[in-house]
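Single-structure report; data block below.
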Amino acid sequence: MLHNMSNNIHNIASVLTESLSYFQKFQGKTIVIKYGGNAMVDEALKSSFARDIVLMKSVGMNPIVVHGGGPQIGKILEKIGKQSQFIDGMRVTDSETMDVVEMVLGGLVNKEIVNLIHQHGGHSIGLTGKDGSLISAKKLKSDIKPELTSEIIDLGHVGEVDKIDISVINLLLKGDFIPVIAPIGVGKDGFSYNINADLVAGSIAQALNAEKLILLTNTSGLLDANGELLTGLDVNIIDSLIENGTIYGGMLPKIDCALSSVRNGVKSTHIIDGRVAHAVLLEIFTDNGVGTLITCNESGTLITYNEQG
C-alpha cells in the first residue's frame, strides 16, 4: 500500500514538473476554445471543462470560450413541435427557429457555462456576437441543391463572419473576466444570424492573434480511413483526405478553420477529444496531448503533429 502511495505521489510530482514549463511558456497568452460535443452534455465533463478554464486563468493565461449548442436547440424545437431540417449538416433557420436559437444559445447554454465557471471560482461574462458589435455577420450564400432537383435552398438565418470587433473582448480581458461567447452575429440588414461555432472561434482567434485555437470534438482528433489518429500531415495530404472522403461532415468546418487560423496569425490549432476529462489541460500542459495539432513551420508549409507547439 505504501509502495502504491509512493508511486502515486511520484506520478503527481512528474505531471506537475512537466506542466511547469508550459505554465511559464503560455503565461499571458490568449487561448480560444470552441466548446461543444459530449463535453457540453455529460455532467462530469461539463464540470471538468469549467475547472480547466478556471485553472488556465489562474496560472495567467487568457482563455476565451466560444460554444455551440445544436442538441439543446433541437430539444427546444421539438418541445414546441417544430421540426428541424438539415442540409449538408446546416440547420435551415427561418425567423421562428432563429428566435429559438437566440434564446437557447444566448440564454440557456451561455449562462449555464458562465455559472459553471463561477461555481469553480472563476469570473466570467457571457455574451453573443451582437454585444459590443463583436460579430458582424452576412447571410451564408448557399448553392446547395437537394438531390433530384435543381432548386437552390435558402438556409434562412444561417450566416458567416463578415468582421470581428475585439474591443469588447479586450475590455473583458482587461477586467480579468473570462469571455463566454455564443456564435450569433448581426448583419447590415439588422437580422440575426446563427454561425458555425468552429468558424466563429477561428475568426476570433485570428483577430486576437491568439497563441492557440482549441476545438473540442467527439473523436480522438483527426482520423484516417482506419480510424487511427493522424499525427504527421502537411496541407497536401489534408486536401487529399478531403477529396477521398476521409475528412467529411462536421470535421470539414473544423479543418477549414484550423488551416485558416494557422495561416492568419494563430500559432497552433488543436483538434482534441472532448470526451476525455480535462482534455484541454492535457493538451496544453502535457508533452503528448490528447489530439491532433496543426501548425505552420518556418517555411510556411503546414504540418500536423501530435506534440505541443
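Note: Cβ is positioned from N, Cα and C throughout, glycine not excepted.
Taken straight from Swiss-Prot:
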- Gly69, Gly70, Arg91, Asn194: substrate binding site (BINDING)
- Lys34: site 'Transition state stabilizer' (SITE)
- Lys254: site 'Transition state stabilizer' (SITE)
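Reduced to three states, the DSSP call for Lys34 (site 'Transition state stabilizer') is strand.
In the three-state DSSP classification, Asn194 (substrate binding site) falls within a strand. On its own chain, Gly69 (substrate binding site) has Gly36, Met40, Val104, Leu105, Leu108, Val109, Ala182 as residues at least 6 apart in sequence with a Cβ closer than 8 Å to its own Cβ. In three-state terms derived from DSSP, Gly70 (substrate binding site) belongs to a helical segment. Calculated from their C-alpha atoms, the gap between Lys34 (site 'Transition state stabilizer') and Arg91 (substrate binding site) amounts to 19 Å. Here the Cα atom of Lys254 (site 'Transition state stabilizer') is found 16 Å from that of Gly70 (substrate binding site). Across the recorded positions listed here (Lys34, Arg91, Lys254), the residue whose Cβ sits among the most other Cβ atoms within 10 Å is Lys34. In sequence order, Gly68, Ile73, Gly74, Thr93, Val101, Val104, Leu105 are the same-chain residues whose CB sits within 8 A of the CB centroid of Gly69, Gly70, Arg91, Asn194, the residues recorded for substrate being left out. Sequence-distant contacts of Gly70 (substrate binding site), defined as residues of its own chain at least six apart whose C-beta falls under 8 angstroms from its C-beta, comprise Gly36, Arg91.
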